[in-house]
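First comes the structure, then the notes that go with it.
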Amino acid sequence: MGRTDTEVRTYERDAEGDPHDTREDQVVKPIKSWKGYVWDTWDLPKDQRRLLFKVDAFVLTFASVGYFLKNLDQTNVNNAFLSGMQEELGMWGNELVTSVSIWTVGYVVGQIPSNLLLTRVSPRWVIPALELGWGIATICTASVKSYGALYAMRFLVGLFESGFYPGIHYMLGSWYTPSEIGKRAMIFWLAGAIGMMFSGFLQAAAYTGLHGHGGMAGWRWLFIIDGIITIPLALLGFLFFPNLPQSGVRTWWTTQSEHDLAVSRMKAIGRAGKVPWTKAKVFRILTSWHTYLLPLCYIIWNNGLPQPAMGYWLKSFNDKKNPPVPGTTFTVPQINNLPLPTTGFFVLVALSWGWLSDGPFRGARWPFIYAGAVITLVFSITLRQMPLYDNINGRIAVYWLANIGGGAGPLIFSWVNEICSGDTEKRALLIAMGNDLAYVVQAVAPNFVWKTTDFPAATKGYTWSIVLQVLLILETALIQLLLWRDKRRAARLDDSDSSLRAPSADSDGSPSPIDDVVK
């Protein structure tokens with residue numbers, strides 16, 4: 001069934017102004033103290049504080065640990081390539097880029113069906129099942145004997161991983177309010193970045209401690225270790241991962257009053273539950289500008305970030321035929337570990353954005369999209385124009401800081417969750433579309449702009465990043481303009497309805513019940 005104009009204006013926020021409307025204040029209290037800015041639950045009533053403690057423990061913790069492991073499983077192929085896989089499997093051309101593209105194909109195939117499935121089947125079963133699948137596929141990757149077999153396993157890993165990231169963002173939007181979701185989306189996403197960082201540590205440890213053990217190279221052990229630590233979490237997910245609050249099925253670790261409170265919190269901010277698919281609903285989605293511009297914002301952001309190049313740069317010093325700087329070389333552990341401060345600097349900046357967006361910026365996401373685009377634009381120009389080997393320490397410092405502008409992604413999805421609050425199917429679809437189509441571009445673009453053979457200079461790649469950062473700025477401005485237009489239209493409709501309702505009162509002179517709803 002479609003929503004009336006009154007329902008749209010009452011519940012669907014513009015996600016750009018004050019996130020706390022009158023209806024929301026009845027259930028979801030706005031942040032008022034310094035403690036609330038540090039962590040929002042400290043400013044909430046006791047019942048909400050207890051509920052969010054449970055949700056953080058079972059949803060956010062599971063999601064963060066799962067994404068940490070997902071990124072171990074996703075990036076281990078790059079670490080393995082730098083630690084012996086290239087030589088053992090004969091990957092002397094663009095096979096590494098091809099393996100990433102094939103992983104992306106699997107990832108693309110599964111995302112939209114998986115996210116729409118979450119609106120019909122409980123995430124408690126869908127998300128852990130996907131995680132179990134990618135853990136098993138990761139272990140099997142250790143046995144590959146050719147890059148053809150590697151391609152097959154990477155496709156399966158991508159297929160099983162496909163529903164996790166967009167599915168968790170949809171889940172966060174189904175449990176948290178605008179003053180809560182930004183920082184948690186950032187924590188969840190940064191757990192993956194930390195997973196990338198630990199992948200380097202883990203590969204260095206596997207290469208040093210397990211290389212040759214059991215007759216296997218160290219890079220093979222990395223896949224075994226990653227899979228072994230992924231499977232237990234998947235099994236725990238079947239027990240602890242929750243249902244959607246609006247599904248009508250209470251999760252076992254919530255009391256009935258907590259379940260009712262979770263439903264009330266989502267109603268207060270206009271997060272709708274599932275409704276049947278109808279022709280009218282499909283038409284509304286297809287004719288909405290949201291459907292085209294919101295996923296595009298994430299697509300541009302995702303593909304505009306420079307790809308990691310420091311490892312290739314470090315490895316290029318070891319060229320025995322034409323050493324760029326004679327006498328300067330780097331060991332395998334150094335190649336894996338020296339890029340790690342890049343993630344550390346990035347995590348610190350991105351975390352601050354999550355807190356600022358939820359707190360002092362009162363739920364605004366767009367300032368950080370602009371900031372990230374400008375910062376990434378500056379560093380992309382620097383890496384493109386800076387000589388490769390004239391200033392080794394200076395280039396290391398630039399590599400370490402080059403990613404600090406890349407933290408807007410989780411806030412973009414938080415923005416989508418908020419803009420599309422009034423339609424849960426649309427919300428699930430657009431989050432999946434954004435992530436899915438971003439990886440469609442990733443399956444194609446690297447073969448032209450981020451070729452393995454172009455590293456470490458990667459001039460085409462940095463030019464690509466420069467162009468996309470400019471487009472991201474323009475795209476974000478267009479979204480803001482359309483939100484402002486829609487807000488003005490809604491305000492005019494509200495004024496018109498108010499003038500029509502003004503004389504309306506019950507026989508005793510009290511306001512009509514409809515007035516209480518609209519307020």
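Placed from the backbone N, Cα and C atoms, the Cβ positions cover glycine too.
Automatic, uncurated: that is what TrEMBL annotation is.
As recorded in TrEMBL, the features of this protein are as follows:
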- 503-519: compositional bias 'Low complexity' (COMPBIAS)
- 59-488: domain 'Major facilitator superfamily (MFS) profile' (DOMAIN)
- 1-25: region 'Disordered' (REGION)
- 493-519: region 'Disordered' (REGION)
- 51-69: transmembrane segment (TRANSMEM)
- 150-173: transmembrane segment (TRANSMEM)
- 185-207: transmembrane segment (TRANSMEM)
- 219-241: transmembrane segment (TRANSMEM)
- 282-301: transmembrane segment (TRANSMEM)
- 338-356: transmembrane segment (TRANSMEM)
- 368-386: transmembrane segment (TRANSMEM)
- 398-416: transmembrane segment (TRANSMEM)
- 428-450: transmembrane segment (TRANSMEM)
- 462-484: transmembrane segment (TRANSMEM)
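Between the transmembrane segment (150-173) and the transmembrane segment (428-450), the number of CB pairs under 8 angstroms, six or more residues apart, is three or more, so the stretches are in contact. Segment contact holds for the transmembrane segment (368-386) and the transmembrane segment (462-484), given three or more CB pairs below 8 angstroms at sequence separation of 6 or more. The list of residues near the transmembrane segment (282-301) in space but at least 6 beyond its ends in sequence, with Cβ under 8 angstroms from a Cβ of it, reads 2, 369, 372-373, 408-409, 412-413, 415-416, 419-420, 423, 425-426, 429-430, 433-435, 437-438, 441, 468, 471-472, 475-476, 478-479, 482. Contact between the transmembrane segment (219-241) and the transmembrane segment (51-69) holds: at least three of their C-beta pairs are under 8 Å, each pair 6 or more apart in sequence. For the domain 'Major facilitator superfamily (MFS) profile' (59-488), the model gives a mean pLDDT of 90.
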